[in-house]
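Student: Before anything else, here's the structure in question.
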Amino acid sequence: MANGLNIGSLKIDDSQRPAGPNTTGRAAYIPPHLRGSVARPPMGLDGSGPAQAVPGLNASTWAPNNAGPHPGAGHNWANAQNFTPRDRPPGAPAGPPSMNGNTTWGNAPPRQFNANDYGKPGPNSFRGSSYGGGRSGGTRGIGGHGYWDENGKHAQGPENKRLERELFGEADDPTKQHTGINFSNYDSIPVEASGHDVPESITAFTNPPLHEHLLSNIVLARYTVPTPVQKYSIPIVMGGRDLMACAQTGSGKTGGFLFPILSQSLHTRGPEAEAARGLGRQQKAYPTALILGPTRELVSQIYDEARKFCYRTALHPRVVYGGAEMGNQLRQLDQGCNVLVATPGRLVDMMERGRISLAHIQYLVLDEADRMLDMGFEPQIRRIVQGSDMPDKHMRQTLMFSATFPPDIQKLAEEFLKDHIFLSVGRVGSTSENITQRIVECESDKDKDSALLDILCSDSTGLTLVFVETKRQADMLSDFLLDHRLPATAIHGDRTQRERERALELFRTGRCPILVATAVAARGLDIPNVTHVINYDLPNEIDDYVHRIGRTGRAGNTGISTAFFSRSKNFKIARSLVDLLKDANQEVPDFLEKLGRQGNYYGSSGGGRGGRGGGRGRGGSSSTRDIRRTGGGYGGGGMGGSRPAYGGGYGDSGAGGPYGYGGGSGGYGGGYGGGYGGGGYGNPSGPTGPSSWW
């Protein structure tokens with residue numbers, strides 16, 4: 001009936017163009033104003049007449065009927081006048097003839113789209129190229145990326161000078177850290193490694209041999225010899241052992257875990273990502289190495305280091321952290337991920353979204369592990385390590401690095417480690433002798449402001465990092481400095497990630513040489529050329545002080561640390577501060593020495609080595625010692641003087657006995673004339689004191 005339908009002069013038969021020889025089924029609908037007209041070729045873009053076919057495309061079905069190139073453009077992008085062809089890397093297959101005229105950009109032929117293959121890894125001929133299904137994330141052998149050849153051996157990609165300058169900088173680049181005048185003194189730093197069958201330390205990066213492609217990047221980074229922590233950690237990790245490494249700040253801990261992990265990863269190709277099934281399904285990343293850090297700034301810094309040493313390799317480091325746009329991070333993961341650097345919160349979020357699987361993890365690294373395992377992060381760490389598909393500790397290597405490992409954190413960390421080696425590098429207290437430490441007594445904020453202005457106005461060289469306790473104080477102090485025409489900026493947890501990154505960039509480049517920060521910037525940040533650290537507000541824990549001042553005096557460079565000490569607010573760390581200064585051969589002010597003795601007398605100092613009382617301290621020097629050998633506890637013992645300090649606390653046994661209440665050397669305060677002492681039941685407390693069940 002429809003075929004005979006006639007509405008006025010319009011027939012439905014006229015609305016259908018007959019099917020052509022290359023079409024199937026019903027042909028296209030013809031609007032009324034074009035019915036009965038003769039088909040003509042389309043006009044050119046300038047309206048001057050029929051479009052001409054593009055040279056080189058005459059064999060296509062659409063070229064004769066489509067417009068030519070846009071005025072001013074080359075015939076196609078590969079043959080344009082401003083196009084510079086790139087050479088194909090050795091061993092890479094040639095592209096199809098249509099792509100190999102004057103350029104070799106096409107390293108593999110395009111595939112037909114199949115909705116059911118979305119997200120799957122490509123076949124061998126596509127892997128390592130932009131056509132491969134998501135693993136390598138870049139064109140094969142182009143842009144500073146390597147690839148895996150058909151035999152599964154790693155092939156180094158070509159040089160990319162622009163990327164090289166971005167990653168490694170120039171020889172005199174002020175934004176990059178270079179070794180200082182005291183770097184050679186690192187060889188004299190004492191090292192203690194405990195555990196059975198500890199591998200011998202190395203003296204050069206080539207023994208045991210790191211992968212040659214990693215070594216070339218180490219040379220570009222101008223690293224000549226390994227630091228003490230690297231001399232021990234590289235053979236330990238390459239030997240398959242778990243590690244807890246305690247090393248002074250600025251001693252190369254990041255390289256201590258990155259170098260062996262990347263070297264091992266370059267010897268053996270990791271597993272491919274699981275294929276996503278069905279149209280629109282999202283690909284899941286399967287990293288083989290996971291590095292966790294407590295702050296966004298620290299993981300960003302580790303990621304930058306990983307990018308540097310993955311240059312011209314097929315390894316792809318990625319970073320995920322909160323406060324940044326998630327979409328971009330997900331797109332980066334879709335391009336492939338071998339090494340994942342993350343903060344715990346964002347990682348858990350992405351795991352719950354099904355975008356990251358930890359099933360193939362071979363290496364788990366906790367940087368600044370003492371903070372990662374404290375009460376704030378412990379639930380998230382357990383969710384990641386014990387509540388996911390991550391292999392258990394017997395099927396992976398676990399590495400922990402920090403400047404301090406208090407005894408309670410060491411006990412907790414043993415849940416995640418297997419038969420680990422404890423590495424202690426540096427002096428007791430974990431501060432560097434490269435740092436000159438000064439303590440200034442300031443009771444009020446007005447006194448601190450005056451002293452701060454005197455310091456900043458008299459020393460205008462290098463970068464100055466000022467630590468305060470609260471976010472509000474950070475903003476107020478930076479405004480105060482700006483009012484006095486001093487270029488300052490602030491960084492703290494209430495600032496957006498973009499603002500924090502901007503502040504760090506201004507500080508790193510020296511355009512704003514004074515940075516006021518809360519503890520968010522204290523842990524692990526490696527900012528080159530920081531010459532002065534000022535503790536406007538001292539922290540409550542001596543371990544936090546160690547981490548703060550470690551932002552200067554890095555990689556053998558010298559630095560200055562100034563702390564404003566308030567008797568009313570900082571009295572409880574006086575004893576620990578005195579011991580720390582003495583251990584680092586620093587001058588101890590008279591007022592602080594007197595306060596330290598008072599702290600011993602009343603047992604108010606927060607834990608330490610034998611000579612300190614205190615409540616629930618952290619064992620003093622045992623923060624850098626293996627509790628399996630030295631013992632330790634929450635108090636660390638008492639004063640051992642003429643009056644009892646009643647310090648100490650519940651702790652592990654020391655070397656002197658199996659059940660000591662004091663841990664280390666010292667028990668409940670030392671008592672009268674040396675009594676009530678001893679590290680364990682029945683051990684004498686001193687040369688004249690009798691045995692005591694205390």
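Here the Cβ of each residue, glycine as well, is placed from N, Cα and C on the backbone.
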Student: Checking feature assignment: motif 'DEAD box' per Swiss-Prot, candidates 3-6, 63-66, 247-250, 367-370. Which range matches?
Tutor: 367-370
Student: Can you identify, from 203-231, 290-318, 522-550, the stretch that Swiss-Prot calls motif 'Q motif'?
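Tutor: My reading of Swiss-Prot: the motif 'Q motif' range is 203-231.
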Student: If you draw a 10 Å sphere on the Cβ of Lys253 (ATP binding site), how many other Cβ atoms land inside?
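Tutor: Summing over all protein chains shown, Lys253 (ATP binding site) has 26 other Cβ atoms within 10 Å.
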Student: Give me the mean pLDDT over the domain 'Helicase ATP-binding' (234-423), rounded to a whole number.
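Tutor: Averaging the confidence scores along the domain 'Helicase ATP-binding' (234-423) gives 90.
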Student: Tell me the Cβ neighbour count for Thr254 (ATP binding site), meaning other Cβ atoms within 10 Å of its Cβ, over all protein chains shown.
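Tutor: So the number of other Cβ atoms within 10 Å of Thr254 (ATP binding site) is 23.
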Student: State which of the following binding-site residues has the fewest other Cβ atoms within 10 Å around its Cβ: Gln248, Ser251.
Tutor: Ser251
Student: Which three-state DSSP class does Ala247 (ATP binding site) fall into?
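Tutor: Reduced to three states, the DSSP call for Ala247 (ATP binding site) is strand.
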Student: Mind giving me a neighbour count for Gly252 (ATP binding site)? Other Cβ atoms within 10 Å of its Cβ, every protein chain shown.
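Tutor: I count 23 other Cβ atoms within 10 Å of it.
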